Amino acid sequence: MAILERAEEANIGEGSGSSEWELGVRQLCDSGITTLPARYVLPPADRPARYVTPPALLPVVDLAALRARDPCQLAALHAACRDYGFFQLLNHGVPPDAMLYAARRFFFDLPLPARKRYMSADIRAAVRYGTSFNQLNDAVLSWRDFLKLLIRDTRRLADVLPSWPDAPDDLRPAAAAYATACQRLFRELMEAALDALGIVRCRRQLLEECDAGSQMMMVNCFPACPEPELTLGMPPHSDYGLLTILLQDEVRGLEVSYGDGGGWAVVEPLPGAVVVNVGDHLEILSNGLYRSVLHRVRVNGRRARVSVASLHSLAAERVIGPAAELVDEQRGRPRRYMDTDMAAFLAYLASAEGNHKSFLHSRRINTISSSGLTQPSN
């Protein structure tokens, strides 16, 4: 399709109510498209390059050994969070099959009217079926549909469960079991991370707040794309919150930023493992010792990909900043981040800033070097 034709196509439906793209990528695929609609075509500089690097071999952490207080595994966890911001976790106890099966059925088998019941552009909605990444502000849309399930207080899962989709029949129980398993896993990993960081004074309070924190499950669907080299399933971003636990199927797609040259390495799915990554809040809490790393999703021309991300945060009203034990001006460890909360994040999402830099970047404090010049804190 010529560029002019794509541009004309992008304007169809503007100002006339619901456009076809607003119904999601799955609906576009069902309509039989053979070329990528203009709304999804990235500028040449932003398009994913052909694979030129081998799959990323993320650090592997064994939770069974971590539970046994193996100092080598605690050191491995610390190094992974510090150097990579990502790791693969084995022996985690999270039952993956039922959740992925239910997710596939939800996205691929249900007719549009059943899915459309939960469709919304409201980023604050607790249950939301949506498309793209931040569809109100995205200049170019992402090749992704998703189901968002938000639990504002993880102690009250039973209260929110009735609002979750009741079709297919096995989605709600599978999602509830998966959410509970991820909550337990998050608690264990946070205990280990606080130990590795040497956070003692506020450890108990933080863990209690983790138990009463929020959990957002994002069930992602990336259908097979007619021109995958022109678009992305998700643009480069970091995750809000403390930790994200990602369950993915066997189809490659997750890519992690590495080095200073803007390179991307695809993550090879490890059978039986979940992927865990550091979120913005944990980088802030650690005062920059741990890294919340940019990542993105590329799409496949032949196969659909499904993933389930469980993002864990403290309560929405909780203000978080660097742990006092990790800030010491006299020893060269200045405070590197402003305090933040969910309100600041939602305001950021609603602004135009989200199109060109990460939320974490907006919370960093510039420091004064010995030469008197202002420098970024990391």
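Yeah, the Cβs are placed from backbone N, Cα and C, and that goes for glycine too.
Annotation source Swiss-Prot lists domain 'Fe2OG dioxygenase' at 213-314.
Sequence-distant contacts of ASP239 (Fe cation binding site), defined by Cβ-Cβ distance under 8 angstroms and a gap of at least six in the same chain, are ASN277, GLY279, ASP280, SER292, ALA309, LEU311. Reduced to three states, the DSSP call for ASP239 (Fe cation binding site) is coil. Look at Swiss-Prot and you will find HIS237, ASP239, HIS295 tagged as Fe cation binding site, backed by sequence analysis.
Per Swiss-Prot, 2-oxoglutarate binding site is recorded for ARG305, SER307. In the three-state DSSP scheme, ARG305 (2-oxoglutarate binding site) is classed as strand. Taking the Cβ of ARG305 (2-oxoglutarate binding site) as centre and 10 Å as the limit, one finds 23 other Cβ atoms among all the protein chains shown.
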Reduced DSSP assignment, HIS295 (Fe cation binding site): strand
Additional residues surrounding Fe cation, by Cβ distance to the HIS237, ASP239, HIS295 centre under 8 Å: MET234, PRO236, SER238, THR244, ASN277, SER292, VAL293, LEU294, ARG296
Under 8 Å by Cβ from HIS237 (Fe cation binding site), same chain, sequence gap 6 or more: PHE133, LEU294, HIS295, ARG296, SER358
Tally of DSSP helical, extended and coil residues in the domain 'Fe2OG dioxygenase' (213-314): 9 helix, 46 strand, 47 coil
